[in-house]
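Annotated in Swiss-Prot:
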- 26-106: domain 'GS beta-grasp' (DOMAIN)
- 113-392: domain 'GS catalytic' (DOMAIN)
- E134, H253, E338: Mn(2+) 1 binding site (BINDING)
- E134, E203, F204, Q205, V206, G207, P208, N255, Y256, S257, R319, R324: ATP binding site (BINDING)
- E136, E196, E203: Mn(2+) 2 binding site (BINDING)
- N246, W247, R319, R340: L-glutamate binding site (BINDING)
- Y336, F337, E338: ADP binding site (BINDING)
Amino acid sequence: MSVSHSSRLNKGVREQYMKLPQGEKVQVTYVWIDGTGEGVRCKTRTLDQEPKTIDEIPEWNFDGSSTHQAEGSNSDMYLIPVQMFRDPFCLDPNKLVMCEVLKYNRKSAETNLRHTCKKIMEMVNDHRPWFGMEQEYTLLGINGHPYGWPENGFPGPQGPYYCGVGADKVYGRDVVESHYKACLYAGIKICGTNAEVMPSQWEFQVGPCEGIDMGDHLWMARFILHRVCEDFGVVATLDPKPMTGNWNGAGCHTNYSTESMRVEGGLKHIEDAIEKLGKRHDYHICVYDPRGGKDNSRRLTGQHETSSIHEFSAGVANRGASIRIPRQVGQEGYGYFEDRRPAANCDPYAVTEALVRTTILNETGSETKDYKNGAGFSRAIGMASPRDAAVF
């Protein structure tokens, strides 16, 4: 089994240092999204006392030329703390902090999608948009081969692995359980986990979260996942289709509702929202993975519990549709719906913002409106359309 060398270090030796008292000092780990739009980075500093609110954590900086975010001649970037969590690795009173990234001129970095998302969420605060995101991922050895799979072959066909139990059906549960507990300790709104259809593939769910909290909590949950995997010497990939062939891909199904959908008669509002989404399918495909639909073109094939990237569809309890209305929601007449199109490596800020823009702000077409100056600008420009994406 291919695991990292660092995972073989004696953790007992490390533990004796972790137990040392640290006085009044507090370690704060700043976490941010790098220039790929997928990776997370972190660095830690010492504060003189435990921060009680996010406002007590100072801004910081980092070398953006080493994170694909700046040139070496003008490399300093700003870290702006926005959400604070408990640190499950160094324990209380130490903290993890989710940060926005600003450039030298204090404008948002290109991959800082939180900045605009927060403004949009504040605009629709009265609608109380709730989200729950189902993060699928695949465990790999450091050689890039799925963890637990035969070195020179494949496991048996899909069927016994989903929510499976037993050493011959699930691989890496120690990672999953450790991540779950670490998220609970941190204050992440994690609400469940399960083994997925492909062996070595897992899912955890975060939510319900209102507004901007969805992106903050999912990104920090991803960071914690990568740190837990680091301790175990394995890798968690969010690739939407890590294995070609007759294997399921990995998505980030997004459950969504507004206050009007969650009360009696809400099904009508759900249906209205789905109709709006159907008219803007191409736009959503472009923002549902970091490569403008290229990644999802490998996953959304109409097979393996996915819809076709070329067509919009919706149905009750239909996991082969773009939008699924849960059976209970259809029966009770209110609740939420599930958008099954976002890829596992999507940016939750982009996904949640797009849902709000289309269903609440009634935006249409491929352009998103800049509500500050009234001018429209297109995030879809330069991105592959879903029809073009199929050729990549």
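Please read every residue number as a count from 1 along the shown chain.
In case you wondered, yes, glycine gets a Cβ from its N, Cα and C as well.
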Item checked: Other CB atoms within 10 A, centred on H253 (Mn(2+) 1 binding site) -> 20
Notebook entry, point to check: Long-range same-chain neighbours of N246 (L-glutamate binding site), Cβ under 8 Å, sequence gap at least 6?
Noted result: P157, Q158, H304
Check: Any idea what the Cα distance is from Y256 (ATP binding site) over to E196 (Mn(2+) 2 binding site), rounded to a whole Å?
Finding: 22
Check: Taking the domain 'GS beta-grasp' (26-106) alone, what is its mean pLDDT?
Finding: 96
Check: Tell me, how many other CB atoms lie within 10 A of the CB of V206 (ATP binding site), whichever protein chain they belong to?
Finding: 28
Next item on the list: Specify the nearest of the binding-site residues E136, E196, W247, H253 to P208 (ATP binding site), where nearness means the distance between Cα atoms.
Entry: H253
Notebook entry, point to check: By a simple count of other Cβ atoms within 10 Å, which of E134, E196, E203, E338, the binding-site residues in the record, is least packed?
Noted result: E338
Next item on the list: Would you mind pulling the longest C-alpha to C-alpha span across N246, W247, R319, R340, which the record has binding L-glutamate, in angstrom?
Entry: 19
Note to self: Show me the subset of E134, E136, W247, Y336, F337, E338 whose Cα is within 10 Å of F204 (ATP binding site); these are the binding-site residues I mean.
What the structure shows: E134, E136
Note to self: Applying a 10 Å Cβ distance cut-off over all chains shown, what neighbour count does R319 (ATP binding site) have?
What the structure shows: 13
Next item on the list: Show, in sequence order, which residues other than E136, E196, E203 on the same chain lie with their Cβ within 8 Å of the centre of the Cβ atoms of the Mn(2+) 2 site.
Entry: E134, Q135, Y137, N194, A195, V197, Q201, W202, F204, A250, G251
Next item on the list: May I ask which of the binding-site residues E134, E136, V206, F337 is closest to W247 (L-glutamate binding site) if we compare their C-alpha atoms?
Entry: E136
